[in-house]
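The structure appears below as structure tokens.
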2 protein chains.
Amino acid sequence: MHVIDVNIPQQAYKIAIAAPGLDRLGELMSELNLGKKVLLVSNPAIFKQYGERAIASLQAAGFDATSCILPAGEQYKTLTSVQKIYNAALEKRLERSSTLVALGGGVIGDMTGFAAATWLRGVNFVQVPTSLLAMVDAAIGGKTGVNHPQGKNLIGAFHQPRLVLIDPQVLQTLPAREFRAGMAEVIKYGVIWDAELFVQMEQSKRLDQMRYLGADLLQNILNRSCQAKADVVSKDEKEAGLRAILNYGHTIGHAVESLTGYRVVNHGEAVAIGMVAAAQIAVALGMLSSEDAIRQDALIQKAGLPTQLPTGIDIEAIIDALQTDKKVKDGKVRFILPTQIGAVEITDKVTADPVRQVLQHMRSVGK
Amino acid sequence: MHVIDVNIPQQAYKIAIAAPGLDRLGELMSELNLGKKVLLVSNPAIFKQYGERAIASLQAAGFDATSCILPAGEQYKTLTSVQKIYNAALEKRLERSSTLVALGGGVIGDMTGFAAATWLRGVNFVQVPTSLLAMVDAAIGGKTGVNHPQGKNLIGAFHQPRLVLIDPQVLQTLPAREFRAGMAEVIKYGVIWDAELFVQMEQSKRLDQMRYLGADLLQNILNRSCQAKADVVSKDEKEAGLRAILNYGHTIGHAVESLTGYRVVNHGEAVAIGMVAAAQIAVALGMLSSEDAIRQDALIQKAGLPTQLPTGIDIEAIIDALQTDKKVKDGKVRFILPTQIGAVEITDKVTADPVRQVLQHMRSVGK
């Protein structure tokens, strides 16, 4: 078992990476001095595959565990779904010492975390991420939330988990497109924080399906990505400064996701597009060498991720949407721009013109 | 201007008591390094009386201020109302540095605070309470939330205001029944924390309408109640221990409110009933002298507050409802019981029997 410490003041917790790990959920939770009642939240497909093992592990450790199943998909990441968790929490008579466990991808984790943050003004929360994206990103750091009809994650709270349990074996059932979406965040860590991880991925012949990765590379991807995220959020829980670098690729990425109704590209694909755009903007502003931008784009393509905008998207609409991004401060859009592989800077000096030019070059050709 | 410091780690803020204070809102907020955008939330009646002065004060200080008006009443303290604040925040394009100002009683304050806690994962929040209850209790300490159809304040978050501005002059338009509801919380501070405040109120001939109070007593009531609340929440923001004493009278009070559909008694009246019950339970357990219980009940009556249960309420239903209270821990109901005027203890050793007996004695006679 590989353990990573997240050292947030008053809320330190561990990320445990263990294969198989699912059967140790109850054992690891029983070290945390939690109340007896546990409500496990999942979606139908994930619960069918892994729910029974998780519940059995909890019960073997003496927990009084039941489940709440929500429909799968980003379109259900709403206050309405959270209300279903509230209703289950009420029916189960959860107490402040009780625990909500999220067994699923980022959507289940974000909603369950938000319910945990707000039920009785805060109950315990444990993350058991089942997608690569959730393992290396969403499950760590305490950002929880749901979508507003007009914007992603606009409603939310910071609420740290008491434990993140990652079982790499569950990735075997992850669809290839979702695996690639997770790889976008892994490539992000290489660009913003960990040049060595970046080089390790460059040396792999293929990155577009999990079965092409060596066992060592998969382990490094999980360990180093989780370590990068833990390092950053430990230094800046509430995104006062440093943590904003994790939004690399997300500024334009969110706009692309939102403007295509969250149906054309998934989150990872949108982040890949956003990283390509951000690197090009950095090149245009003389902050990054075009060689480094080419290296990044090559890695994104090797991971089977898009480097062009979805067909038909309105570039002016993207520029307008940037204004409603959570990262806006006094009307200025903050961009995270790379300066070399492994390092980024935060700037609010990017005007609309270079953004427009870069996006025009990223339009799909001939489609 | 009387200023009380609330010293919560990383979130210190001031309670400013000033008459007139409303016109100084913008000036006091401009000392806090907030963003330009302000969304003021209120209800129709309060906004009609005081909204223009508040907005004018904000604009004079350079803020870009607009308003969001919600229907008045506890029955509207719901996620649906909070969604209206979210919509206004989106339309106004609030940023993380923006501020939500609550101008109103506890319902407006709790909902606005919850919206501030959860919009963009937290924006700034300022409380301008207009009821006595909100001034001495709800506006201080960072508890925010809304009701679940099956229980009060079950959905919420801790989110401290950046400033609490109390203008005693607005109490002149407060209906007498709402004034008395606030007095229930003031009497609570006397019983749990401040015996001198209790004696000052004993010395007043009448307490049931504001016009019968001397100017000194009103000022003391505001200053000492806010100080008591600030002292307690500074020592224990998240209700790990000490803060629970503020729930004196609330355990049974919440059950009474809930079982009568929040329509028969208001919050203060329910707390008064709860305090009478708690003191009688303390007497039954030999923790409190019957003399002190009589003194408390006399003060409650002098404030025009009820000391008997509402007609027709089912005592077994109250006992059952105690189990869904947020204060339940591992199935045990925690009671806050007085040991003398000015001091209370927290106990989970109260069984159903003495509760049942005390409640049977508190049934309305001859109604």
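Just so it is clear, glycine is given a Cβ too, placed from its N, Cα and C backbone atoms.
Quantities reported herein were computed from a predicted structural model and do not represent experimental measurements.
Annotated in TrEMBL:
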BINDING   A:G106, A:V107, A:I108, A:G109, A:D110, A:T130, A:S131, A:K143, A:K152  NAD(+) binding site
BINDING   A:E185, A:H250, A:H267  Zn(2+) binding site
DOMAIN    A:68-180  domain '3-dehydroquinate synthase N-terminal'
DOMAIN    A:182-328  domain '3-dehydroquinate synthase C-terminal'
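Here the C-alpha separation of A:E185 (Zn(2+) binding site) and A:I108 (NAD(+) binding site) works out to 18 Å.
Taking the centre of the Cβ atoms of A:E185, A:H250, A:H267 as the Zn(2+) site, the nearby residues of that chain (Cβ within 8 Å, site residues left out) are A:L133, A:D137, A:A184, A:K188, A:G249, A:G253, A:G268, A:A270, A:V271, A:G274. Annotation note: A:S131 (NAD(+) binding site) sits in a coil segment as assigned by DSSP. A distance of 10 Å separates the Cα atom of A:H267 (Zn(2+) binding site) from that of A:G106 (NAD(+) binding site). According to its DSSP assignment, A:I108 (NAD(+) binding site) is helical. For the domain '3-dehydroquinate synthase C-terminal' (A:182-328), the mean pLDDT of the prediction comes to 93. The 10 Å shell around the Cβ of A:E185 (Zn(2+) binding site) contains 26 further Cβ atoms across the protein chains shown. Of all Cβ atoms in the protein chains displayed, 24 besides its own lie within 10 Å of the Cβ of A:H250 (Zn(2+) binding site). In the three-state DSSP scheme, A:K152 (NAD(+) binding site) falls into the strand class.
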